[in-house]
Every structure is written in structure tokens, then in C-alpha cells.
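Annotated features, as they stand in TrEMBL:
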type	residues	note
DOMAIN	95-219	domain 'Phospholipid/glycerol acyltransferase'
TRANSMEM	20-42	transmembrane segment
TRANSMEM	54-75	transmembrane segment
TRANSMEM	131-149	transmembrane segment
TRANSMEM	343-366	transmembrane segment
Amino acid sequence: MAVTVEEAPWLGWVVAKALMRFAFMVANNLVAIPSYICYVILLQPLRVLDSKRFWYIEGLMYKWLLGMVASWGWYAGYTVMEWGEDIKAISNDEAVMLVNHQATGDVCTLMMCLQDKGPVVAQMMWLMDHIFKYTNFGIVSLIHGDFFIRQGRSYRDQQLLVLKKHLEQNYRSRDRKWIVLFPEGGFLRKRRETSQAFAKKNNLPFLTHVTLPRFGATNIILNALVARQENGSPAGGDARGLRCKPGGLQWIIDTTIAYPNAEPVDIQTWILGYRKPTVTHVHYRIFPIKDVPLETDDLTSWLYQRFIEKEDLLSHFYKTGAFPPAQGHKEAVSREMTLSNTWIFLIQSFAFLSGYLWFHVFQYFYHCLF
């Protein structure tokens, strides 16, 4: 479409702003990620002497890095409105977030809206597609202990075994508390047709705004992390035969992300900021782990029901611009999520000062050696 004379200045500003934002993002990555790696290497003796303190410090730096990513969207006007139950109340407990997946911007949205949830970001573990391992943030996620899962039928069983081993080796030892999982196993636009065909074949509801979830990873996580009763409970037993206690998974947070007009924000938009300011809406529902079945067939049905309910939530949102009120309430209440500009300034300053420091440290050793 041709650009009119009146639109030319505006378009020029959008392009110039996108280029400046991209340049800042590159500089941000060049100082923040290498500095994070250098600090982690420097702190290796502490990892041997006091592992818990080491992972606490690593978690703080990890949270700061995710805060920098969140700030890219924040200053472009991409904000978050939260609905449903207040998850701050369980920020110190162990929980799994089950999130619908529409675009790469879902991850950025969660990075933003979890920043003010106490220690959550520092102690969380992400389950993400293996392609993210090869991004600029891949090395950070590897160090932190996030899990990269390879999609596809031929990899499925093997990947679930690897996930089980990963949880056993990294979840408790690194003092993780929350896990973020996208049970649909891919973006909505890529999986919708296949999911609808599966639903038709198996006499399941026809979903448009979400797809039917895959239960494998959820099943592995629950069976690995839910604390058993003192007298024991058979593997794959009903979660009602379990009790929430310290050291065990306590909550499932059903998280539904909605974008105005069903137009998701992707990572390119988040970085370049060429889209007009928009508010992403995130709805939470909290389920005690004792109410979640662990037996395979029952868990599958339970997950299907949650995503059928997500479909209803999203249908209501796209019709009215708001999520429906909780049962027993007359109207839904939303909460605007905010980031502290002072806090963003401090972590960005720390990143650039650290980059400056490490540059001179390496420059000094280079001159000493050569």
C-alpha cells in the first residue's frame, strides 16, 4: 500500500524509533548477558561452599535480565492488565503455571507480569521449545536450569524421560518453586487445525481460541514434584490422596492470556515497538493440588476441561473486552500491573556498569598476557 505525504513523517519516525530500540537491545544484550556469565563463573567457589546462596544470587541476576526484557515492552507502551485470583498470595509456595500459547510475545508478557510477584521469577523454571536454546538468551536459560523440549511425535517419549531426569537433578537442588508450562505444545495458529481434527475424531469440543493440551509434560511434573503422604501413595494415584506440605507442589495456576482483537504481540514487536501501545490481559485461576487427579486418564480429562473453560473465557473477552466475573461475583475486577521506572533504571545501570567493568578486567589480562 502506497504511503501518502501526510503519513511519511509518521512512518519515518516509526522506522527511526525501531532502529534505535534495536540498537539499544543489542547493546543491552552485549553487556548484560556476558556480565551474567562472568559473575556466575566468578561465584563458582560459592556454589561449592554454599549452593543455596549461590542459586539465590544467580536467581536475582536472572530476574534482572528478565526485567530488562520486560522493560523493552514497557517503554513501548505494551502493558498488562491482570484478572481473576491474586497469585501474589502464593508467591512463596510451589506452583505450576499452565498457559495458553498464541505467539512469542506470551513469554515476554509473563516476564513482565511476574516481576512484581516476589521471588517467583528468580525461582522459576521455564519449559520452552528447544529452538530457544539457540537464541541470545539460550545460554542464560541453560545456566539457570530451564528445560528445552523438542517437539514432534518421534521425540515425545524420549523427551519426557529427559524432563523427568532434569527435574530430579535441577528442581530441588537449585531451589526452584514455580514452573511455567505451555501444555498446547505450540502456537495456536500452528496447532489449531490439527487439534480440531483430533477433537472431531474423538468427539471432543471444537475449540477456536485455544487447542487441546498435551498431558505428557504435565503428568511428569506432577508425579515428580507433588509431595506424598507420610504413609505413601501409589504412583499415578489420585491427588486427593496427597496433601500440600513444604517441599511439595501445592498449586496449579490456570493462566489465560488474551490480546485485544485476538491480535497477539510477537517478540519482534516487543523489541522494535512499531505497533501502537496495547494492553495484554492475563487471567488467573488457582487450583489446590489436592483437587487435581494424577491418574493419566483423569488428568487428561481435567486438563481438557481447563482448556474448554479457557475457550469460554476468551470468547467472553473477545466479545466484551473483559473477562467474566468469578462464580458468586457480580463483576470482574482487573488490576493494572506496573513496573518501577526507578528499578528498571537501576538494573540497566548495573548491567552497563558491569559490562564496562568486565571489559576492563579482560583488557587488563589481555595486556598482561600479550
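Cβ coordinates are placed from backbone N, Cα and C, and glycine is handled just like the others.
What you see is a predicted model, and the numbers here were worked out from it, not measured in a lab.
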Remote residues contacting the transmembrane segment (54-75) - C-beta distance under 8 A, at least 6 residues beyond either end: 21, 25, 28, 32-33, 36, 39-40, 43, 46-47, 108-109, 111-112, 115, 119, 121-123, 137, 140, 143-144, 174-175, 265, 270-271, 273, 339, 343-344, 347-348, 350-351
Within the domain 'Phospholipid/glycerol acyltransferase' (95-219), residues counted as helix, strand or coil by DSSP: 60 helix, 18 strand, 47 coil
Reported mean pLDDT - the domain 'Phospholipid/glycerol acyltransferase' (95-219): 90
